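Some features that Swiss-Prot has for this protein:
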- Glu354: active site (ACT_SITE)
- Arg21, Arg41, Tyr179, Tyr181, Glu218, Arg237, Arg303: substrate binding site (BINDING)
- 127-138: repeat 'BNR 1' (REPEAT)
- 197-208: repeat 'BNR 2' (REPEAT)
- 20-23: motif 'FRIP motif' (MOTIF)
Amino acid sequence: METCPVLQKETLFHTEVYAYRIPALLYLKKQKTLLAFAEKRASRTDEHAELIVLRRGSYNGATNHVKWQPEEVVTQAQLEGHRSMNPCPLYDKQTKTLFLFFIAVPGRVSEQHQLQTRVNVTRLCRVTSTDYGMNWSPVQDLTETTIGSTHQDWATFAVGPGHCLQLRNRAGSLLVPAYAYRKLHPVHKPTPFAFCFISLDHGHTWELGNFVSENSLECQVAEVGTGAHRVVYLNARSFIGARVQAQSPNDGLDFQDNQVVSKLVEPPHGCHGSVVAFHSPTSKPDCLRHVAAYTHPTDSRNRTNLGVYLNQTPLDPTAWSEPTLLATGTCAYSDLQIWGLGPDGSPQFGCLYESGNYDEIIFLMFTLKQAFPTVHGAQ
């Protein structure tokens with residue numbers, strides 16, 4: 001397995017008095033700004049999550065370097081008496097509105113407790129910003145208006161985590177990937193199903209998309225193709241030793257062709273991964289071809305050795321490449337973004353990932369050519 005050289009590597013969050021988990025990364029193209037989010041916790045455990053924090057990075061295209069500002073707390077992103085978890089940033093290019101979605105869970109109530117009691121106490125929340133995250137609106141609890149009575153049919157749920165997606169359709173639809181543990185049988189354990197929250201009116205109202213196959217959890221989505229050939233590609237965590245993927249022909253409402261992706265291995269209990277899509281370097285401007293890149297631990301036994309995979313025909317689950325290593329040793333969740341061309345003329349990526357025993361959250365920047373030098377067109 002080859003190791004990828006990188007343009008920049010920098011620790012953004014380091015566990016000392018507080019712990020940090022669950023990275024989310026968003027690139028704002030016109031502002032040349034990166035927003036790196038994470039959960040700030042009293043300890044590494046999920047029940048000790050507290051707030052969502054942010055570091056802002058300014059990208060210098062001349063030096064291919066990101067300068068990061070100090071950590072700040074997104075103080076509005078909280079419900080009283082609840083802990084804030086799973087940051088999911090989304091930027092609406094048409095309205096120039098930045099959304100930060102997250103879940104709010106009361107006190108120290110765990111996900112496992114909700115699964116055992118079958119009582120869903122998790123809330124769907126968001127804050128917004130019209131100045132690229134400098135200032136934020138008061139928190140909005142969207143649970144009743146978006147999920148409604150369906151909330152009681154779930155044992156619990158969560159969004160993302162990581163970046164969301166705005167589609168290239170006429171409505172500029174907004175998609176927030178999510179999953180819910182459904183109570184399908186009074187005796188059987190609740191079962192996780194991935195889906196998307198969808199907005200057709202730039203975030204004013206939201207609806208629930210339909211579910212992907214069972215045993216699909218934390219997920220991300222990417223848009224592949226254009227026009228009549230445009231589909232939403234979903235890639236989800238599972239407990240079955242490999243990732244699960246599906247595609248939606250109707251902008252995230254329904255998913256079909258649910259498939260196990262045997263080349264994308266999962267460790268026991270699975271792990272979050274990140275996916276982005278971009279135009280193939282070998283395609284003409286009017287070509288429909290897209291390429292997908294995906295980051296995730298590469299070991300099927302442990303959360304170790306973060307890799308990046310490439311798929312030049314993303315709807316084919318057998319077409320994923322062998323991974324290129326981004327980092328060795330213990331690692332876990334990651335979030336991936338792509339913007340512009342790097343100094344070698346190939347697409348450039350930023351990756352925010354958990355390292356060590358959740359000791360650090362690290363930012364990496366690299367190019368397609370650095371990761372996959374033999375890909376035609378990345379020379």
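Using N, Cα and C of the backbone, Cβ positions are placed for all residues, glycine too.
Here the repeat 'BNR 2' (197-208) has, by DSSP, the following mix of helix, strand and coil residues: 0 helix, 5 strand, 7 coil. Within 10 Å of Glu354 (active site), as judged by C-alpha distances, the binding-site residues found are Arg21; the full candidate list was Arg21, Arg41, Tyr181, Glu218, Arg237. Helix, strand and coil residue tallies for the motif 'FRIP motif' (20-23), in that order: 0 helix, 4 strand, 0 coil [DSSP]. The secondary structure of Arg237 (substrate binding site), as reduced to three states from DSSP, is coil rather than helix or strand. Of the listed recorded positions, namely Glu218, Glu354, the sparsest Cβ surroundings within 10 Å are found at Glu218.
Under the three-state DSSP scheme, Arg41 (substrate binding site) falls in the strand class. The Cβ neighbour count for Arg303 (substrate binding site), using a 10 Å radius over every protein chain in view, is 23. Around Arg237 (substrate binding site), a 10 Å sphere centred on its CB holds 23 further CB atoms from the protein chains shown. Glu218 (substrate binding site) falls outside any helix or strand according to DSSP and counts as coil. Summarising the environment of Tyr181 (substrate binding site), the number of other Cβ atoms within 10 Å of its Cβ, over all protein chains shown, is 23. According to its DSSP assignment, Tyr179 (substrate binding site) is in a strand. Around Arg41 (substrate binding site), the same-chain residues six or more apart in sequence whose CB sits under 8 Å from its CB are Tyr18, Ala19, Tyr20, Arg21, His48, Ala49, Glu50, listed in sequence order. Close to Tyr179 (substrate binding site) in the fold, though at least 6 residues off in sequence, lie Phe157, Ala158, Pro192, Phe193, Ala194, Phe195, Ser216, Leu217, Glu218, Cys219, Ala236, each with a CB less than 8 Å from its CB.
Secondary structure at the residue listed as 'active site', as computed by DSSP, is strand. Secondary structure at Arg303 (substrate binding site), taken from DSSP and collapsed to helix, strand or coil, is coil.
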